[in-house]
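Feature list (source: Swiss-Prot):
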TRANSMEM  23-43  transmembrane segment
TRANSMEM  49-69  transmembrane segment
TRANSMEM  93-113  transmembrane segment
TRANSMEM  117-137  transmembrane segment
TRANSMEM  144-164  transmembrane segment
TRANSMEM  171-191  transmembrane segment
TRANSMEM  215-235  transmembrane segment
TRANSMEM  238-258  transmembrane segment
TRANSMEM  275-295  transmembrane segment
Amino acid sequence: MSSLAAPQTGLLRQYLVLTKPRVTQLAVFCAVIGMFLAAPGMPDLSHVVFGTLGIWLLAAAAFAINCLIEQEVDARMLRTARRATARGTISDIQVLSLSGLLGGAGMLVLYHLVNPLTMWLTFATFVGYAIIYTVILKPRTPQNIVIGGLSGAMPPALGWAAVADSVPAEAWVLVLIIFIWTPPHFWALALYRNNDYIKAGLPMLPVTHGQQFTRLHILLYSFALLATTLLPYAIRMSGALYLASALALGGMFVWYAWRLYREYSDALARRLFRFSILYLALLFGALLIDHWVGLLR
């Protein structure tokens, strides 16, 4: 039994890697925050559970398609060369079947157990990432992250729609925050993985415009991000607790970006990249805590 289970476990692990679980977790986390912010009190737990499940399934399906489309590119990059699609240990049909199963299940869950609006918005996000970003933008323009960032910024709106069956201005403010966060996050990665992107032939900003230009734009975007994160307080969507958190976290982001701009090192770029992930999680966590504190008043 153990000899039979080992290959099956290995295959399941390879499937899991194709769904980019860490990236999926952050996206779903932001969607869940949107769900709780959408309700004046406690949201309908069935919508939270099934909304989370459906969004996770479609996100995983999109990432699997991304790995399938980019398998030749991934094989040339050190960071992604071990993916099953890049090594050819999983066939195209297997990946398509996995994506179809996950995506189909996600759409059914969202349509029948949440609401049609959430399903269509999540499906549009799937198309935006798996097709428009991966196929059209990423291999053709250094602004791929800027233009294609909208699909990655959508989770709060998807979560909001799951609970409220609408997407008001407050939800789009959250989308805007992630949209502005995305370029400096990925450009930091592209800086210290520059050789990978050169080998892959992808026109990331450091490849096409150089390191100094990219570092300047990371710094400029960090200031824009700090300003954008003040919007929830400005429109009275959040209170002083969130404001203090946004200023502190934004100040740290600017500080990292300033250091990177003044004196580059791969270690600093890697540190900024990792901090940016923590930054987004803490910022959205602060939004939720501030929301709950407001409900208790």
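We count from 1, first residue shown onward.
Backbone N, Cα and C atoms are what each Cβ position is placed from, and that goes for glycine too.
On a predicted model such as this, the values are computed, not experimentally measured, just so you know.
Between the transmembrane segment (171-191) and the stretches 23-43, 238-258, 275-295, Cβ pairs under 8 Å are most numerous for 275-295.
As a quick check, the transmembrane segment (23-43) and the transmembrane segment (238-258) miss the bar of 3 or more Cβ pairs under 8 A, pairs 6 or more apart, so the two do not touch.
No contact links the transmembrane segment (238-258) to the transmembrane segment (144-164), because fewer than 3 Cβ pairs that are 6 or more residues apart lie under 8 A. Non-local neighbours of the transmembrane segment (49-69) in the same chain are 15, 18-21, 23-24, 27-28, 31-32, 35, 83, 85-86, 92, 95-96, 98-100, 102-103, 105-107, 109-110, 113-114, 118-119, 122-123, 125-126, 129-130, 134-135, 155, 158-159, 162-163; each lies 6+ residues outside the stretch with a CB under 8 Å from one of its CB atoms.
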